[in-house]
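Participant: Sharing a structure with you now.
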Amino acid sequence: MKSLLKRLIALAAAYSVAAAPSFSHHSSQDAANKRELLQDLVTWDQHSLFVRGERLMIFSGEFHPFRLPVPGLWFDVFQKIKSLGFNAVSFYTDWGLMEGNPGHVVTDGIWSLDEFFTAAREAGLYLIARPGPYINAETSAGGIPGWVLRRKGIIRSNSEDYLRATDTYMATLGKIIAKAQITNGGPVILVQPENEYTTWPNVSESEFPTTMNQEVMAYAEKQLRDAGVVVPTVVNDNKNLGYFAPGTGLGETDLYGIDAYPMRYDCGNPYVWPTYRFPRDWQHEHRNHSPTTPFAIMEFQGGSGDGWGGVTEDGCAILVNNEAVRVVYKNNYGFGVRVFNIYMTYGGTNWGNLGYYGGYTSYDYGAAITEDRQIWREKYSEEKLQANFLKVSPAYLTSTPGNGVNGSYTGNKDITVTPLFGNGTTTNLYLVRHADFTSTGSAQYNLSISTSVGNVTIPQLGGSLSLNGRDSKFHITDYDVGGFNLIYSSAEVFTWAKGDNKKRVLVLYGGAGELHEFALPKHLPRPTVVEGSYVKIAKQGSAWVVQWEVAAQRRVLRAGKLEIHLLWRNDAYQHWVLELPAKQPIANYSSPSKETVIVKGGYLLRSAWITDNDLHLTGDVNVTTPLEVISAPKRFDGIVFNGQSLKSTRSKIGNLAATVHYQPPAISLPDLKRLDWKYIDSLPEISTEYNDEGWTPLTNTYTNNTREFTGPTCLYADDYGYHGGSLIYRGHFTANGDESWVFLNTSGGVGFANSVWLNQTFLGSWTGSGRNMTYPRNISLPHELSPGEPYVFTVVIDHMGQDEEAPGTDAIKFPRGILDYALSGHELSDLRWKMTGNLGGEQYQDLTRGPLNEGAMYAERQGYHLPSPPTSSWKSSNPIKEGLTGAGIGFYATSFSLDLPEGYDIPLSFRFNNSASAARSGTSYRCQLFVNGYQFGKYVNDLGPQTKFPVPEGILNYNGVNYVAVSLWALESQGALIGGLDLVASTPILSGYRKPAPAPQPGWKPRRGAY
């Protein structure tokens, strides 16, 4: 048996190491192909980054400040990411939102990054800045401003008119980022120019990048360098082909990174895991592409999204759930990833029409942190377990990944084991998963490995290990627990910490009912059980071996100064590892030299510090919650939670404990259907008296668009400066009596709709689908027209956002508006067209809320969606009880006050439903929801899927007056009413979060040039 075991271990190691050479430690700035560094605070070798000389695993979460337009809440999100055990955040900035007006980059109010940088520094998170200029990110046009779309040059090419268009924005953002670099005491440690720049039409993978593509990347890098950016640059190659890696020439970046989404996007079938993108050899790919830099994944799938007519983000959360996190994230660790960014960790909201047509208002993304900033999804806790393990495992950072081989180390071909071999350390790590990673079945196995006490097969005390369906585990050997050697453990490490008086506390966990085993050197005292039962302890050779079956009740053992907690995974979820503040310049940033506390504390613990004889904690609870200090670097006798001293006691094993009492607060929310609503017609354009003199005449006889127009003039909205929200066209003609039909081919993006009137006569609507970007149709005219009389078509089109694009395709330029038209009995030139979008187009007036927040509807052009419009002359009408009796657009407004209790985070949402009995609630209609001027919901009744629209505190005034407006667009002749609209609260959370200042909410005033 012993010889068979030796052969099995040797064979497994041979297979594993075959293509896994060890690298000698050297700094990449010494490599021949490495450019000279511009600073010395962020450096690297082939294994990892060094920040201020300390080797760090960069574990990052993606979070976009523009998707949460309340700067006072950014710190809350940062703290929740920090509490995951992450040490960084990656963020995009959206050029299209900041420079909607050419040459005018808005950087104040919600568009200022100052508070973002301050909050990151205070929370202790490094930042990876990604200013684009193209960002993708499910944003309209991928973040390219609408005015750039009408330029002749190909987007993302070296065309001079495109490159010059980026200059003002990149210079402005570059200076802002440069000021916030680590070299200036800020949090920014990496910068990414461009985004997923990896293809070009008619250029093969082997030919890419061409010189032109290299020039584009080099131009973006130079813009940043010229602005003062000195931290390393990084690329995110979504093809994983080595594009722009160090040493590749013009356009190369300092660090090479990839991005990948192996779980794909089928949120409608979330239990079916796709297999065709599951990676198996990334460690080799990286060695081929960039052997002198650490393996970096700059975007990895943290959720997914769906579109109009699809499913809600809940399905996306199931697709990339805690099981997927366990399997596919750990697969990445098997490749030795050392810079790891999860896209998204907090998604936020596509408010104000900022999204592309493939998504609805929510950008929850099924992420670990929900759109309304809650952390109840299990994958939040799973990510916390993983990040904290890697944080306390320096051996991982220099380990050499081997090959994952079916049957290696276990003899079970249904199981794949991927080793990571100690490279300068004695620690080896073994990642175990199903050979079929999608398997939902369970497998039994024994693990045969080499340790410092010889070759062993785990478990040694009988039984077998088990791997449940869609699971993956770290097994470790000769793992350093602050000077104590953990010879092996089949249970996973959550964390370990240094306590007072040279004590070490180790936390292990496993799944319910699993058999696990660990071993300690025999020179330690025999482990004793000080809490719990049913633990088997035996001496095997030169080791103490401990075996147990995971249960809800924890076990605690001691072996001299080493204390081991054996937890059920779901109990480990309730534990938090909090870094204590250090001296500058580390302060709240992560560092392997920092002291930590481990506290069992329920829903969320945010921060900790020790003063005198007290441990101060900030955190959140949603039920009465016991606190227990599992480990701390010094002894203290009191616990202060959110500024309140708690009654503390000592547990049987000597841990300090206390209880945070939770009392649900009394909450009073308005009944929206009982409020006094005011109404104004928002489609006066179909009245006989309407004068469109102030509208934009569509007289351009040319376009730079890749799609040629067919009429005498171009009708594309982008060519006239209108880029989002909604569009209204008016086509004037004089009748000749031969009119019987009109043909219209309209474009609004997937999910769009349109309605058409001839004078005051409703001709019908296209109500939209989850597939059509455009819709051509012939419309019969209902009656004969009077020859010689003037007529006008009014066409309302919903603008769902521009597309994203692969480089060079110019897909984002595909026009919105009327593409083609014809009128029977007439030449095309007989119709004279005008249009409007948002008031002023690119010269938009509400700089506070950005260029896309408004559309073409009359009430929006007048600014009536802003607080305190002149409603005294409007009639009273309720959109929920009364609504519209015919096709058209109504605008409804009301106000209410809130007075929610201090000290609680109370997520609020507006919820639409069509459960009312009135027939008109089941017709096709669309609503926009404006809250204190911000458009925070686009509701499509018959298409969906979104019915619930979270609105954060700071947009809603939790202690003050709120102005809410709803546009109601009835697409059918019988009209529409809103079946139901409620303001609802999620469970109030007793919170240590910082109450946010309201986002800027400038109110209504008469608008210059409004029509």
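Each Cβ is built from the backbone N, Cα and C atoms, and glycine gets one as well.
Because the structure is a prediction, the values reported are computed rather than measured.
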Participant: If you check Swiss-Prot, which of Cys316, Cys714 bonds to Cys267 via a disulphide?
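Facilitator: Disulfide mapping in Swiss-Prot sends Cys267 to Cys316.
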Participant: Need one residue: from Tyr92, Tyr329, Tyr333, Tyr396, the one Swiss-Prot lists with Asn136, Ala137, Glu138, Asn195, Tyr261, Tyr365 for substrate.
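Facilitator: So the substrate site in Swiss-Prot includes Asn136, Ala137, Glu138, Asn195, Tyr261, Tyr365 plus, from the candidates Tyr92, Tyr329, Tyr333, Tyr396, Tyr92.
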Participant: Ten-angstrom check, please: count other Cβ atoms within 10 Å of the Cβ of Asn195 (substrate binding site), all chains counted.
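Facilitator: A count of 26.
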Participant: Looking only at Tyr92, Tyr261, Tyr365, which of these binding-site residues has the biggest number of Cβ atoms within 10 Å around its Cβ?
Facilitator: Tyr365
Participant: When the Cα of Glu196 (active site, proton donor) is compared with the Cα of each of the recorded positions Asn136, Glu138, Asn759, which one is closest?
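Facilitator: Closest recorded candidate to Glu196 (active site, proton donor) by Cα: Asn136.
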Participant: Which number gives the other C-beta atoms within 10 angstroms of the C-beta of Asn136 (substrate binding site), all protein chains shown included?
Facilitator: 19
Participant: So which one is it: of the glycosylation sites Asn406, Asn446, Asn588, Asn622, Asn772, which has the fewest other Cβ atoms within 10 Å?
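Facilitator: If we count Cβ atoms within 10 Å for the glycosylation sites Asn406, Asn446, Asn588, Asn622, Asn772, the smallest count is at Asn406.
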Participant: Between the binding-site residues Tyr92, Asn195, Tyr365, which lies closest to Cys267 (disulfide bond), Cα to Cα?
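Facilitator: So, spelling it out, the nearest of the binding-site residues is Tyr365.
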Participant: Tell me which of the recorded positions Asn136, Ala137, Asn195, Tyr261, Glu299 ends up closest to Cys316 (disulfide bond) in space, Cα to Cα.
Facilitator: Tyr261
Participant: Need the DSSP three-state call for Asn455 (N-linked glycosylation site) to compare against my parser.
Facilitator: strand
Participant: Work out the three-state DSSP category of Cys316 (disulfide bond).
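Facilitator: Reduced to three states, the DSSP call for Cys316 (disulfide bond) is helix.
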